[in-house]
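Below: one structure, written as structure tokens.
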Amino acid sequence: MSSTAMKKKVLLMGKSGSGKTSMRSIIFANYIARDTRRLGATIDVEHSHVRFLGNLVLNLWDCGGQDTFMENYFTSQRDNIFRNVEVLIYVFDVESRELEKDMHYYQSCLEAILQNSPDAKVFCLVHKMDLVQEDQRDLIFKEREEDLRRLSRPLACTCFRTSIWDETLYKAWSSIVYQLIPNVQQLETNLRNFAQIIEADEVLLFERATFLVISHYQCKEQRDAHRFEKISNIIKQFKLSCSKLAASFQSMEVRNSNFAAFIDVFTSNTYVMVIMSDPSIPSAATLINIRNARKHFEKLERVDGPKHSLHMRMR
Amino acid sequence: MEEDWKPLLDPVRHGGFSHKGSTDSLDRVARRPFHVEPRNIVDEAPAERVTAEAAVLNSRVNYYGRLTGSSDRLLSPPDHVIPCPEEIYVYSPLGTAFKVPGGDGGSKNPSIITIFAIWNTMMGTSILSIPWGIKQSGFTLGIIILVSMGLLTLYCCLRVLRSPKSIPYIDTSDWEFPDVCNYYLGKLGQWSSLLFSMVSLIGAMVVYWVLMSNFLFNTGKFIYNYAYNVSMSDTDFGTNGSERVICPFPDTDDKGKNDSSLSALYRLSDSNSSYHGNDTALFDHWWSKTNTIPFYLIVLLLPLLNFRSASFFARFTFLGTISVVYLIFLVTLKAVRLGFHLEFHWFDSTDIFVPEFRLLCPQLTGVLTLAFFIHNCIITLMKSNKHQENNVRDLSVAYLLVGLTYLYVGVLMFAAFPSPPLSKDCIEPNFLDNFPSSDVLVFVARTCLLFQMTTVYPLLGYLVRVQIMSQIFGKHYPGFFHVLTLNIIIVAAGVCMAKFYPNIGSIIRYSGATCGLALVFVLPSLVHMISLKRRGELSWPSALFHSLLIVLGVANVAGQFFM
């Protein structure tokens with residue numbers, strides 16, 4: 001443990017084979033090497049060295065399906081694992097045949113959370129929903145959600161149904177991130193003001209590590225409902241290419257006769273994307289506006305109290 | 001360093017090789033080719049837009065592909081998330097999007113391959129009987145009949161090919177001709193087309209048995225004579241000299257019917273027993289064309305017939321092509337060495353020559369009906385043609401090539417037959433029989449054909465089994481004993497024919513005319529007339545012409561029995 005602030009964790013847990021590694025790889029744009037597909041359960045926690053929302057560190061754990069030796073290790077390390085948890089994301093495989101067992105492991109995780117980090121937020125993802133027939137998805141998800149809500153008491157859990165093959169995964173994680181941003185309503189109001197001042201068509205605020213859309217403002221109806229996910233995928237692909245050259249992505253400008261789009265670093269945890277449909281406004285003007293707004297939004301982040309995780313680094 | 005460009009969606013579909021009643025010698029590769037019609041998405045027209053789901057799935061697949069190694073299937077899209085082919089677009093960097101049309105599985109072949117496949121399928125053992133057929137109908141009349149039959153059967157084949165297209169409102173893309181007959185004529189049409197198709201198949205199998213006995217006999221005889229240095233004495237009536245041509249059954253009936261009952265006296269020439277010592281007598285007793293060899297073949301072929309799947313034998317169709325090409329070469333060589341012997345006597349017959357116009361012409365039309373027969377599987381064969389609009393042209397070219405091959409072999413063999421010593425009447429229904437067992441080139445031909453027939457026989461047996469078993473029991477392989485019984489019946493028919501009536505010319509003409517009656521003349525014309533009538537487009541000349549075709553078909557069959 002570092003001598004400075006205790007890093008808060010995001011726990012990504014679930015049964016072995018429920019899709020956590022794929023999910024992590026897709027959301028955080030991590031390359032999965034072939035041999036990470038292990039034959040057995042994770043012996044140790046998988047730390048990802050990604051700073052998520054400032055100071056959060058992602059920890060990936062396999063839960064359940066272990067033999068007694070593993071069970072003992074798990075229980076002896078339990079307090080270590082569940083201390084300082086900011087977020088618990090628990091992944092359920094919708095096709096799992098051992099519902100009772102899954103619920104049992106989930107409950108023991110919840111007990112540990114209650115003991116060690118009672119303020120943690122709990123999210124449940126019912127994953128691999130593409131394997132269920134389309135007309136049955138809502139029904140099955142509602143059933144699971146009821147069961148999980150019931151089991152989680154007194155903790156409140158938020159449930160999502162997800163699949164890596166449709167927009168539900170991106171939307172679920174965007175909602176999770178949205179709930180983790182402390183003063184998100186204030187951010188949105190400020191974002192709207194900013195957009196109106198610079199006469200932008202649309203302004204998006206992305207989380208830095210995952211390019212999940214935290215908040216957005218649009219002044220008119222847009223045609224493509226999936227544009228957030230597409231932008232996120234494109235930028236993450238570009239980040240992957242940059243990382244091969246040991247470079248890091250900082251900013252991008254795309255311009256043609258119909259529009260100009262700017263993607264740039266904004267605050268310490270966010271990126272901003274500004275779309276201007278008036279080509280007569282020079283790039284320099286927009287870039288200056290973004291730079292000035294940056295200072296304002298940084299101040300916003302700093303406003304809240306010291307116990308906030310986003311603020312950890314400043315201590 | 002991994003390449004940055006990844007293919008979009010993997011269009012590989014796993015199509016199977018389906019036995020739809022035709023022996024397709026061409027491999028069906030699982031991968032579909034792209035046939036794209038360009039559509040521009042840069043314009044604002046909303047109808048041209050790619051669907052949102054397909055577009056975002058494309059974005060996901062592109063991204064996920066970067067997250068794993070190129071051979072890792074962890075983040076590959078499973079089949080159920082890929083949109084249907086109508087929604088798949090291939091993006092060009094220049095802003096246009098190409099649509100991938102859904103097509104049936106299997107690759108499309110260029111015209112030349114299709115033409116070759118049709119030629120290969122049509123070239124059967126009837127090529128051996130064409131010289132005899134020309135002899136039966138007279139040289140000039142024979143050529144005229146060959147050309148006319150070719151054109152007639154081509155027209156009927158085009159009718160068969162076009163028949164599924166004129167059915168409205170139903171998707172007929174996987175229909176064969178019996179399905180079309182079922183649509184227009186009900187169960188009667190379907191059953192009759194299947195039954196007559198069976199006639200052609202079983203007729204072919206019987207002919208094969210007779211021919212295989214013949215070739216096995218001659219091959220064995222050649223090897224025996226070569227090994228024991230027995231010289232072939234001139235017990236067979238034939239020419240002298242290096243290029244020996246024989247007349248196995250001289251002094252036959254005037255009407256030209258090579259009835260084996262009349263030639264029973266000449267069975268001696270088969271056995272040669274009185275001219276060679278006891279050893280040869282023993283060999284000839286145990287190695288007889290009609291008495292023992294048909295039974296030896298049972299041991300070889302009956303097990304092959306009982307195989308569950310015939311795809312192994314489908315690999316050997318190249319043997320058929322080689323055999324035909326070799327036969328053409330052989331005929332050319334013989335013609336060059338023997339020279340031409342033609343004399344034109346128009347209506348009267350002489351001792352040696354036959355008239356140019358004979359009353360026995362129905363025999364040739366019967367043989368040619370089977371020679372030009374492909375109507376039961378033409379729809380399936382043409383389905384894999386890349387440019388469907390060229391089907392008529394390709395089929396006509398195939399028929400032209402087949403007709404030319406038959407014409408070439410028939411005319412050359414007839415003309416080269418050495419007539420001064422031998423009568424043209426001696427031309428056998430299997431023209432290889434006119435050469436002695438000791439002829440090396442012909443021995444090679446016989447061996448090639450023997451091998452080829454051994455591989456085609458189980459294929460034909462499989463087709464018969466599939467059709468009969470599906471109709472009666474509903475599945476292709478209802479049980480070992482059902483299949484064994486069917487095979488025993490077919491083999492018994494072959495053995496009986498080989499023993500008592502090994503005249504392939506007659507077998508071919510009877511079975512050809514019978515199955516041609518239904519599948520070449522009657523059913524295609526009927527179906528065409530009914531379809532025109534339903535659309536109200538049936539005109540008097542058309543109805544007359546097609547009724548005439550039906551009458552011709554009936555006359556063809558009648559002619560076999562009366563001539």
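Keep in mind that glycine also has a Cβ here, set from the backbone N, Cα and C atoms.
As recorded in TrEMBL, the features of this protein are as follows:
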| type | residues | note |
| --- | --- | --- |
| DOMAIN | B:114-221 | domain 'Amino acid transporter transmembrane' |
| DOMAIN | B:290-558 | domain 'Amino acid transporter transmembrane' |
| TRANSMEM | B:112-132 | transmembrane segment |
| TRANSMEM | B:138-158 | transmembrane segment |
| TRANSMEM | B:194-211 | transmembrane segment |
| TRANSMEM | B:286-305 | transmembrane segment |
| TRANSMEM | B:312-337 | transmembrane segment |
| TRANSMEM | B:357-378 | transmembrane segment |
| TRANSMEM | B:398-420 | transmembrane segment |
| TRANSMEM | B:440-460 | transmembrane segment |
| TRANSMEM | B:480-501 | transmembrane segment |
| TRANSMEM | B:507-531 | transmembrane segment |
| TRANSMEM | B:543-562 | transmembrane segment |
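Here the transmembrane segment (B:138-158) has Cβ contacts under 8 Å with residues 130, 342, 344, 354-358, 361, 364-365, 368-369, 372-375, 378, 392, 395-396, 399-400, 402-403, 406-407, 410-411, 414, 516, 520-521, 524-525, 549, 552 of the same chain, all six or more residues outside its ends. Count of Cβ pairs under 8 Å against the transmembrane segment (B:507-531): among B:194-211, B:357-378, B:398-420, B:480-501, the largest is for B:357-378. A contact between the transmembrane segment (B:312-337) and the transmembrane segment (B:194-211) is absent, since fewer than 3 of their C-beta pairs, 6 or more residues apart, lie under 8 Å.
In terms of DSSP secondary structure, the domain 'Amino acid transporter transmembrane' (B:114-221) contains 95 helix, 0 strand, 13 coil. Most Cβ pairs under 8 Å to the transmembrane segment (B:543-562), among the stretches B:357-378, B:440-460, B:480-501, belong to B:357-378. Same-chain residues lying 6+ beyond the ends of the transmembrane segment (B:194-211) with a Cβ under 8 Å from its Cβ atoms: 21, 124-125, 128, 178, 294, 297, 370, 373, 376, 430, 449, 453, 456-457, 460-461, 463-464, 467-468, 471, 490-491, 493-495, 497-498, 502, 504, 507-508, 510-512, 514-515, 517-519.
Per-stretch counts of Cβ pairs under 8 Å to the transmembrane segment (B:440-460) identify B:286-305 as the leading one among B:112-132, B:286-305, B:357-378, B:398-420, B:480-501. Sequence-distant contacts of the transmembrane segment (B:480-501) (same chain, at least 6 residues past either end, Cβ-Cβ under 8 Å): 202, 205-206, 208-210, 213, 260, 290-291, 293-295, 297-298, 301-302, 305-306, 461, 464-465, 468-469, 473, 507. Same-chain residues lying 6 or more positions outside the transmembrane segment (B:112-132) and placing a CB less than 8 Å from one of its CB atoms are 22-26, 146, 204, 207-208, 211, 317, 320-321, 324, 327, 367-368, 370-374, 377-378, 381-382, 384-385, 394-395, 397-398, 401-402, 405-406, 409-410, 413-414, 417, 427-432, 449, 453, 504-505, 508, 512.
Residues of the same chain lying 6 or more positions beyond the ends of the transmembrane segment (B:357-378) and with a Cβ under 8 Å from any Cβ of it are 21-23, 118, 121-122, 124, 126-127, 129-130, 132-134, 136-138, 140-142, 145-146, 149-150, 153-154, 156-157, 160-161, 176-177, 193, 197, 200, 203-204, 255-256, 346-347, 395, 399, 402-403, 406, 505, 508-513, 515-516, 519-520, 524, 555-556, 559-560, 562-563.
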